[in-house]
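Everything on this sheet refers to the single structure shown next.
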Amino acid sequence: MEPRLPIGAQPLACLHMVAGLEMKGPLREPCVLTLARRNGQYELIIQLHGKEQHVQDIIPINSHFRCVQEAEETLLIDIASNSGCKIRVQGDWTRERHFEIPDEERCLKFLSEVLAAQEAQSQLLVPEQKDSSNWYQKLDTKDKPAYSGLLGFEDNFSSMNLDKKMNTQNPPTGIHREPPPPPSSNRMLPREKEALNKEQPKVTNTMRKLFAPNSQSGQREGLIKHILAKREKEYVNIQSFRFFVGTWNVNGQSPDSSLEPWLNCDPNPPDIYCIGFQELDLSTEAFFYFESVKEQEWAMAVERGLPSKAKYKKVQLVRLVGMMLLVFAKKDQCQYIRDIATETVGTGIMGKMGNKGGVAMRFVFHNTTFCIVNSHLAAHVEEFERRNQDYKDICARMSFSVPNQTLPQVNIMKHDVVIWLGDLNYRLCMPDANEVKSLINKNELQKLLKFDQLNIQRTQKKAFVDFNEGEIKFIPTYKYDSKTDRWDSSGKCRVPAWCDRILWRGINVNQLHYRSHMELKTSDHKPVSALFHIGVKVVDERRYRKVFEDIVRIMDRMENDFLPSLDLSRREFMFENVKFRQLQKEKFQISNNGQVPCHFSFIPKLNDTQYCKPWLRAEPFEGYLEPNETIDISLDVYVSKDSVTILNSGEDKIEDILVLHLDRGKDYFLTISGNYLPSCFGTSLEALCRMKRPIREVPVTKLIDLEEDSFLEKEKSLLQMVPLDEGTSERPLQVPKEIWLLVDHLFKYACHQEDLFQTPGMQEELQQIIDCLDTSIPETIPGSNHSVAEALLIFLEALPEPVICYELYQRCLDSAHDPRICKQVISQLPRCHRNVFRYLMAFLRELLKFSDYNNVSTNMIATLFTSLLLRPPPNLMARQTPSDRQRAIQFLLVFLLGSEED
């Protein structure tokens with residue numbers, strides 16, 4: 001709709017338009033607000049919305065112009081999906097006018113456009129003033145420049161940048177980023193977290209702009225929320241809602257029957273559905289985050305299986321490989337669900353294979369916080385300790401960033417109600433399947449449950465501490481012959497077990513039913529469900545408003561009389577002998593010794609985008625303290641693949657200064673220092689080939705020299721290389737001794753190892769292997785075959801330049817269709833890279849000869865090693881498409897399927 005201008009008016013450009021109502025006392029007149037530009041001058045045009053449009057008023061946008069959003073009176077309570085907002089407008093010589101815009105999102109967009117226009121107008125008139133006194137400031141994250149590879153070859157790559165050695169394949173972003181927590185730094189890519197239902201409840205105008213005229217509105221709002229939470233009992237009522245929770249391992253099958261016997265088995269439709277699947281897709285591609293058609297198949301099957309008596313809407317979906325979690329709610333309850341966030345954690349080998357791990361969703365329903373976790377833990381009877389570790393890893397690594405809020409990330413346990421479902425894979429400590437089946441036939445389930453590993457581990461407080469589980473009155477849900485009710489009749493003859501479980505923690509949770517559903521026979525597992533009555537905190541608006549106003553009055557009075565103050569127990573921290581992938585913690589306390597509540601946060605230093613270096617993390621990094629309240633803060637140092645290279649090369653040190661900022665108060669400075677022990681992990685192949693001794697025995701100055709020498713100079717004359725031993729001049733090793741030691745061990749001892757490169761190693765053993773390679777040239781490698789295999793993968797992933805150099809990445813993709821060209825490309829690699837590639841291919845071809853024993857397939861090996869050997873350059877990582885990945889896999893298959901002569 002274009003505004004109609006008076007006759008003789010100069011042409012203008014209509015930039016933005018929004019319809020609303022002008023408030024004149026009790027009257028509401030329809031109108032249209034238009035942001036326009038004429039001859040370089042921005043204007044706000046107010047038009048009547050009658051039968052004939054005409055200009056009622058034109059207000060110049062200049063330094064005296066004001067257009068602000070009004071704060072609402074009902075604050076921080078239930079979120080409506082689109083509540084509208086009110087604005088005030090005043091020009092140079094015009095009275096203040098009030099408008100109501102029904103569509104909140106359009107209103108906020110219009111306000112931002114007007115603000116941008118006003119800023120643009122002011123910049124035309126007044127030079128920009130820079131505040132030199134603001135020494136510390138929070139800056140937006142900027143994309144760091146992409147560095148070209150370290151290594152080159154021949155004359156085609158003379159323009160390479162050989163100076164930068166930082167492994168930037170996963171650069172951290174944002175000041176709220178979490179450094180990779182131990183034991184693994186895997187984080188699911190945004191594509192895998194993408195929700196199918198994008199119509200989320202909106203955050204209201206009020207929650208974003210609590211006190212519009214106040215320059216510190218965000219800080220004040222946070223404090224108010226903090227105190228409101230403390231006084232929650234004064235304004236909430238407990239109301240019961242019905243939650244249906246279901247879990248099913250579908251063994252890679254597609255739905256072949258209705259899910260109503262599982263999802264629609266109660267006379268009264270539940271208010272909320274939480275449905276978890278495991279082994280949704282068992283294809284190799286799915287293991288490495290490719291799209292899965294099974295996701296859509298099962299999501300549609302769930303929707304068709306929901307009760308027809310009620311209307312449901314999908315709240316969110318999250319998937320990691322074969323684990324999928326869906327949450328549905330009755331349509332009339334969706335408006336009370338807000339602050340939705342999802343997260344995934346893979347506990348498979350290196351996090352590359354997300355076949356095990358967990359997916360989770362958190363949300364606020366009315367005023368109660370929920371976290372729903374769907375997990376698939378490690379398999380095999382004897383691996384109960386690995387299952388315990390998987391559970392701990394998920395708890396430690398899974399944290400949620402709440403959308404549209406600047407609050408710290410919240411972990412699983414920081415919710416009012418946690419529901420944990422899935423194929424937890426805990427078995428029975430009874431080896432005789434016939435004895436177990438006999439007890440089942442006699443319905444002596446309680447005798448069997450005494451041997452249930454999950455019950456034993458919970459009793460010993462080694463896993464799922466503080467969780468509850470309902471009484472199990474159904475027979476084991478694993479393992480059956482698919483499409484039948486018969487126990488496993490295969491050669492393995494699995495012992496029946498209650499693998500599929502539902503647990504919970506929190507108050508006001510009452511389980512009504514806990515059952516299996518034998519009618520569904522698609523999989524070798526049977527689905528399980530639980531029905532809960534959960535007491536939810538519902539806000540009483542009248543009492544809420546009274547508490548809110550009381551808090552505001554108290555804060556107004558105290559803010560005028562007192563300034564915040566903190567006391568720190570320590571300000572200097574020393575981290576000694578920091579190692580790759582080995583966590584170190586130092587703790588200290590901060591106390592609010594002032595008279596008012598305060599908000600603290602670690603903030604970036606000048607010109608920084610993060611409050612600390614990538615290898616450091618403060619937990620929590622921000623929060624609120626009431627007078628006389630004390631909190632423990634942990635400073636964690638963890639060197640991951642993203643920071644190991646620059647620490648190895650001496651470009652970075654274990655040194656940092658943290659700025660702890662107190663709102664309305666002063667800044668406190670924390671000094672971080674320490675020493676780092678270099679590792680062969682994260683060191684370039686060229687440097688390692690020239691080291692005849694373990695890296696810890698090489699002087700630091702020599703390490704720096706080795707990393708700074710360019711490959712082009714080394715290729716010109718091998719005899720002119722900097723020797724490690726004084727007075728000698730030796731050719732480099734054909735391949736790094738570390739790679740040879742790992743591969744040789746696997747070749748000798750692991751060719752028959754079941755599920756090699758598919759089962760993660762133990763973290764303690766991985767650390768022993770890393771230390772062993774850094775400090776010695778061992779005759780044997782410590783640890784299990786699985787740990788040695790994962791150590792090899794970690795080594796390849798940590799290389800600053802992959803085995804196939806970044807410069808050849810695109811050429812490899814382009815030549816994937818022609819084996820002859822593929823071999824030509826490999827011949828152009830630098831010598832040590834070429835040798836390593838051929839050595840690894842020879843080993844993998846040998847490994848594939850024993851696939852009947854080790855369950856290693858060509859496609860699985862190609863997919864796994866492609867992600868390590870043929871990585872896209874950092875600047876192309878985010879733009880890599882499924883087609884690119886498939887071509888990269890095809891390139892590697894040329895060598896895996898080729899002859900030994902290749």
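Note that Cβ sites are derived from N, Cα and C of the backbone, with glycine treated the same way.
Positions annotated as domain 'PH' by Swiss-Prot: 1-122.
Residues or ranges marked as domain 'Rho-GAP' in Swiss-Prot: 722-902.
Residues or ranges marked as region 'Disordered' in Swiss-Prot: 163-189.
If you look up Swiss-Prot, you'll see 238-564 marked as region '5-phosphatase'.
Residues or ranges marked as region 'ASH' in Swiss-Prot (evidence: similarity to another entry): 565-679. Averaged across the region 'ASH' (565-679), pLDDT for the predicted model comes to 94.
The motif 'Clathrin box 1' annotation in Swiss-Prot covers 76-80.
Per Swiss-Prot, motif 'Clathrin box 2' is recorded for 703-707.
Gln758 (site 'Arginine finger') falls within neither a helix nor a strand when secondary structure is assigned with DSSP, and so counts as coil. Neighbour density for Gln758 (site 'Arginine finger'): within 10 A of its CB lie 21 other CB atoms from the protein chains shown. As annotated by Swiss-Prot, site 'Arginine finger' applies to Gln758, with the evidence given as sequence analysis.
Shown for the region 'ASH' (565-679): DSSP residue counts in helix, strand and coil, namely 5 helix, 61 strand, 49 coil.
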